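Sequence annotations record features per position, and here TrEMBL assigns transmembrane segment to 54-73, 93-114, 126-149, 161-188, 200-220, 245-266. Residues or ranges marked as domain 'Cytochrome b561' by TrEMBL: 57-266.
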Amino acid sequence: MRREEASRLELCCSSPEGSVDPWNYRSQRALRRGRKRGAVSAGGVMPTFRFMPFAILLGILGFLCVAFTGFWAQHWRGGFAWDGTAKMFNWHPLLMVTGMVVLYGAAVLVYRVPISWAGPKLPWKLLHAALTLVAFILVVLGLVAVFSFHNHQRTANMYSLHSWLGLVAVLVFSCQWFMGFAAFLLPWAPAWLPISYKPIHVFFGTTLLALAMAASISGINEKLFFSLNSSNQTIRYDRLPPEAWFANFLGMLILVFGLSVLWALATPAWKRPDPDSLEARQPLLH
């Protein structure tokens, strides 16, 4: 019995994957991590077979989030306009879901795309910055739409939990973009700043997506309460009319999209293998 155990131990330690102590947790963990990562094979083939199907599915989910939001506003809420009426308010959920959830979710996954692992990192930095900038512009337009509607209708601003969550998300978003641009793209940033700020940038980037999900879902719920519980509605929210079913499903789509992005961010195999190289800290200007 002891001879069989010894022979199995020798086979394990002499495996082609290298000398690994089967009783050493760290060595076993490193081996598993290397298998999962599979960054670049000997032939230079990137692991697109793992990430790309997920990216396609995520793109479909993001498109459905935007399409459902637009259809809800067009079919049940009267469509879109920029005139201070309820039609102007309808731009608010569409722009916020498109910018703060879908586009931002795509932006944070730029460095997870396997083709970004080879070659210079600067183009991917610029793509990340551009996507987040477009998302931020849409968010600002969404804020203009809701504040203009409230002021035109003489409705109070910033009193609900949804509005507080949204305001915190926008403030974090603005700080994230300007600090990220200054730390990672501008040449006058000291060398220690990108290294020290990166964990903070990553943490608040993930936090921002969670805040965007919370603000979007609470906003959908708030809009349904206001719209379906008014005196001119024949079927109230608690009776689950078709609009309530549709909007609730939209909230679930946003939740699934956001959680999928967070899961991708937490997957070690999809992280860029060389985040701390000198080239990775290349600024935009010299």
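Just so you know, glycine gets a Cβ as well, placed from its N, Cα and C.
Whatever TrEMBL says is automated annotation, not expert-curated.
Among the stretches 54-73, 126-149, 161-188, 200-220, 245-266, the one making the largest number of Cβ pairs under 8 Å with the transmembrane segment (93-114) is 126-149. Counted over residue pairs separated by six or more positions, the transmembrane segment (54-73) shares at least 3 Cβ pairs under 8 angstroms with the transmembrane segment (245-266), which defines the two as touching. Below 8 angstroms of C-beta separation, residues 82, 84-86, 88-89, 91-96, 98-100, 103-104, 106-108, 110-111, 155, 157, 170, 173-174, 176-177, 180-181, 185, 284 of the same chain, each at least six residues beyond the ends of the transmembrane segment (126-149), sit close to that stretch.
Same-chain residues lying 6+ beyond the ends of the transmembrane segment (245-266) with a Cβ under 8 Å from its Cβ atoms: 54, 57-58, 61-62, 64-65, 68-69, 71-72, 76, 97, 101-102, 105, 108-109, 112, 206, 209-210, 212-213, 216-217, 220-221, 223-224.
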